[in-house]
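Participant: Below is the structure I would like to discuss, written out as structure tokens.
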Amino acid sequence: MAYRKRGVKRENLLQQNERLQEKEIENNTDVTMENKNNNRKQQLSDKVLSQKEEIITDVQDDIKIVDEVKKSSKEESKQLLEILKTKEDHQKEVQYEILQKTIPTFEPKESILKKLEDIRPEQAKKQMKLFRIFEPRQLPIYRANGEKELRNRWYWKLKKDTLPDGDYDVREYFLNLYDQILIEMPDYLLLKDMAVENKNSRDAGKVVDSETASICDAIFQDEETEGVIRRFIADMRQQIQADRNIVNYPSILHPIDHAFNEYFLNHQLVEPLNNEIIFNYIPERIRNDVNYILNMDMNLPSTARYIRPNLLQDRLNLHDNFESLWDTITTSNYILARSVVPDLREKELVSTEAQIQKMSQDLQLEALTIQSETQFLAGINSQAANDCFKTLIAAMLSQRTMSLDFVTTNYMSLISGMWLLTVIPNDMFLRESLVACELAIINTIVYPAFGMQRMHYRNGDPQTPFQIAEQQIQNFQVANWLHFINNNRFRQVVIDGVLNQTLNDNIRNGQVINQLMEALMQLSRQQFPTMPVDYKRSIQRGILLLSNRLGQLVDLTRLLSYNYETLMACITMNMQHVQTLTTEKLQLTSVTSLCMLIGNTTVIPSPQTLFHYYNVNVNFHSNYNERINDAVAIITAANRLNLYQKKMKSIVEDFLKRLQIFDVPRVPDDQMYRLRDRLRLLPVERRRLDIFNLILMNMDQIERASDKIAQGVIIAYRDMQLERDEMYGFVNIARNLDGYQQINLEELMRTGDYGQITNMLLNNQPVALVGALPFVTDSSVISLIAKLDATVFAQIVKLRKVDTLKPILYKINSDSNDFYLVANYDWIPTSTTKVYKQIPQPFDFRASMHMLTSNLTFTVYSDLLSFVSADTVEPINAIAFDNMRIMNEL
């Protein structure tokens with residue numbers, strides 16, 4: 001509770017700061033004025049004492065001087081303001097830091113709203129290239145003596161050949177690759193959009209994308225390319241079948257890349273779009289609401305497509321045991337809801353001055369009136385009324401817990417609080433705050449009216465003060481009203497597959513206000529036997545002020561319910577109710593403002609606001625589910641790649657970052673690991689699983705194409721001669737493992753049994769450790785002489801570690817430093833290690849040419865509601881669920 005009390009004082013501190021700043025401005029302006037006067041005096045004295053003669057010509061100079069003085073004073077005041085602004089900003093930053101320390105996942109409100117609204121369906125971005133892991137590259141050929149030939153040869157190599165630094169596990173590379181594919185995985189491919197002209201075509205044909213065109217270009221220009229292939233490239237063009245709405249494009253792809261792109265083409269998420277789908281996309285309650293007039297554009301083309309949003313419910317149950325995460329989600333929902341709740345502007349409310357004047361007359365305030373009655377009018381203004389209206393609806397929409405702020409001696413606040421507790425379900429208030437407010441109402445108004453002793457409430461009592469009072473009060477009307485409040489809960493109703501928290505029908509139609517008024521009338525008629533006459537009169541007048549506005553209160557209750565339920569129709573995630581870590585403060589004086597200033601003007605959300613709210617909710621919910629699917633897929637992949645323990649926290653952190661609204665470093669670790677456990681239980685989505693299986697089946701090909709991943713290492717006690725290789729020159733590389741004793745690296749890491757390997761090495765038998773591991777390339781002859789590869793031997797025999805194993809591949813050829821040492825002296829270089837690596841796949845043009853098929857054309861629409869034109873009836877005619885006007889009191 002300590003930090004809540006600090007929060008209460010914050011406003012006072014801010015006011016003090018503002019006053020101090022004002023004083024500083026005054027002091028600074030005084031100082032600057034004094035400085036100016038001193039400067040002027042100094043200038044005058046200089047002029048008098050100086051012996052120089054001055055010729056005075058005209059008055060224009062004086063005018064210029066005056067202008068300059070004005071300019072300088074303006075500049076000084078600007079500088080002052082800037083200094084003060086920076087001070088204010090600094091103070092805000094300090095307060096923000098203090099707040100961050102108390103709230104685990106706190107984010108500034110404006111940025112949350114922007115982040116929420118910026119979440120767009122990823123489908124909107126067009127895919128302008130095919131997905132590729134490999135690219136063909138020209139590599140030189142070396143002669144037997146290590147000199148480079150003029151000829152080249154084409155091989156398939158990796159486009160992005162990057163490995164995590166300082167890590168044995170090449171499997172991390174595959175996990176990162178999979179993560180990258182999940183990010184880039186297109187929801188649809190329209191080849192017509194990405195097709196580019198084939199420069200070497202005879203008849204202006206097109207190929208599938210720019211990379212295919214550049215590969216064709218490079219091969220066409222290569223001197224060693226056969227004439228048949230050149231003629232084939234010249235004939236490469238698209239084939240259109242207009243009657244079937246199909247087009248075929250030629251592409252140059254590695255077989256694995258072809259498998260990926262074929263999969264993407266055959267598993268597109270686009271679906272045909274028609275008017276019925278758009279009609280059903282609009283929430284049913286808004287479609288059926290007679291206050292909104294919806295018209296639809298009927299001119300949708302047959303090629304229209306859309307991507308169905310992924311709106312699965314409660315897969316992680318973040319409301320259950322994720323206090324910090326749930327607090328952030330409800331906060332962001334609250335800020336979004338506040339931005340869409342309609343404003344009660346001054347013209348929609350009763351004039352504040354006129355209302356206060358009327359209240360003063362009703363109170364018959366005179367000079368001798370007791371202090372408590374003058375408090376009734378304190379803090380009543382239209383801004384507070386509007387703030388209260390927005391807070392109540394937004395808190396219910398986001399299921400944010402509210403806490404009440406009030407002064408016990410202000411009876412008017414407490415009487416307004418009676419209306420608040422009648423209309424808003426108990427669950428919405430912080431338990432301690434609810435108990436304090438109920439206790440104040442009981443001990444200030446209810447018990448004194450009947451002459452009962454003060455209630456002494458025990459902290460931690462399972463019953464609330466109203467529940468205790470309901471059993472003790474004999475008066476039927478008051479007990480009946482207390483009974484209603486004690487049982488005022490949200491009703492959970494599933495509408496269109498979404499769990500909604502709905503209000504009691506008596507609240508929706510405003511009839512509960514009559515029940516409240518009956519109880520208030522009964523209380524005002526009581527004698528208050530143990531209290532002085534002034535006390536009784538104050539309470540009676542407070543009740544009179546509220547009862548005079550019976551009609552307006554009924555209308556206000558109906559208006560509140562209607563706005564809540566209409567906006568609730570746009571919520572797509574289940575409305576789970578759990579008390580939140582932090583609360584939204586609500587001043588009871590602002591509730592009084594709302595009760596006293598509500599007019600007879602109906603305010604309902606505009607259709608554009610509803611559509612905006614619905615779109616933001618759909619986009620967030622869909623993104624949330626897609627990111628869950630990504631995280632579940634990555635966790636499964638990490639498990640199957642034996643990286644399970646290592647990567648888990650970073651996977652969950654990435655998942656939260658991609659949801660946009662979380663301040664991830666502040667999420668407690670226990671919630672991270674609980675989130676991991678929940679994600680682990682979910683099934684992997686089919687597309688993502690198929691993609692991972694494609695990677696798993698082709699790991700060998702990917703390793704072969706990399707310049708940083710070896711497929712094993714051979715270690716010997718004695719030196720082995722470097723061999724000649726066409727791709728590298730002289731190199732310590734093994735293309736096969738025939739004749740070597742083999743040990744699996746994964747087995748060695750898991751068992752930790754190094755006995756077998758050390759015995760073999762000490763008996764002068766070479767050992768081949770088989771498994772993917774990183775290697776480094778060195779082309780320095782000097783370092784080969786220095787035998788740096790001894791470190792590999794030491795890792796195994798002495799340190800008994802393979803997790804940091806990084807063998808060196810020596811490449812000695814005409815491109816190497818000091819190659820003349822080998823060439824001139826017929827020196828035969830040796831090494832105690834050999835890197836096992838198979839030859840990368842040679843590039844064969846005929847085998848790499850694939851025809852890809854897709855629809856000739858279709859148009860994907862992301863904003864379905866843009867086809868709907870909407871309008872509202874005149875607000876005065878707007879009706880509620882019972883077919884009666886929302887506001888009856890005219």
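Each Cβ is built from the backbone N, Cα and C atoms, and glycine gets one as well.
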Participant: Please find, within the list 173-193, 404-424, 551-571, the residue stretch that Swiss-Prot describes as region 'Hydrophobic'.
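Facilitator: Per Swiss-Prot, the stretch marked region 'Hydrophobic' is 404-424.
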Participant: For the region '5-fold hub' (1-88), what's the model's average pLDDT?
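Facilitator: Computed over the region '5-fold hub' (1-88), the mean pLDDT is 50 on the 0 to 100 scale.
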Participant: Which residues of the same chain, at least 6 positions away in sequence, have a Cβ lying under 8 Å from the Cβ of Met236 (site 'Interaction with the intermediate capsid protein VP6')?
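Facilitator: Non-local contacts for Met236 (site 'Interaction with the intermediate capsid protein VP6'): Asn198, Ser201, Gly205, Val207, Cys216, Pro250, Met849.
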Participant: Please identify, from the recorded sites Met849, Met851, the residue with the sparsest Cβ neighbourhood, meaning fewest other Cβ atoms within 10 angstroms.
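Facilitator: Among the recorded sites Met849, Met851, the sparsest Cβ neighbourhood within 10 Å belongs to Met851.
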Participant: What three-state secondary structure does DSSP assign to Phe232 (site 'Interaction with the intermediate capsid protein VP6')?
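Facilitator: The residue in question, Phe232 (site 'Interaction with the intermediate capsid protein VP6'), is helix (DSSP, three-state).
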Participant: I'd like the Cβ neighbour count for Phe232 (site 'Interaction with the intermediate capsid protein VP6'), meaning other Cβ atoms within 10 Å of its Cβ, all protein chains included.
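Facilitator: Other Cβ atoms found within 10 Å: 15.
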Participant: Could you state the whole-number distance in Å separating the C-alpha atoms of Met851 (site 'Interaction with the intermediate capsid protein VP6') and Phe232 (site 'Interaction with the intermediate capsid protein VP6')?
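Facilitator: Distance between the two Cα atoms comes out at 14 Å.
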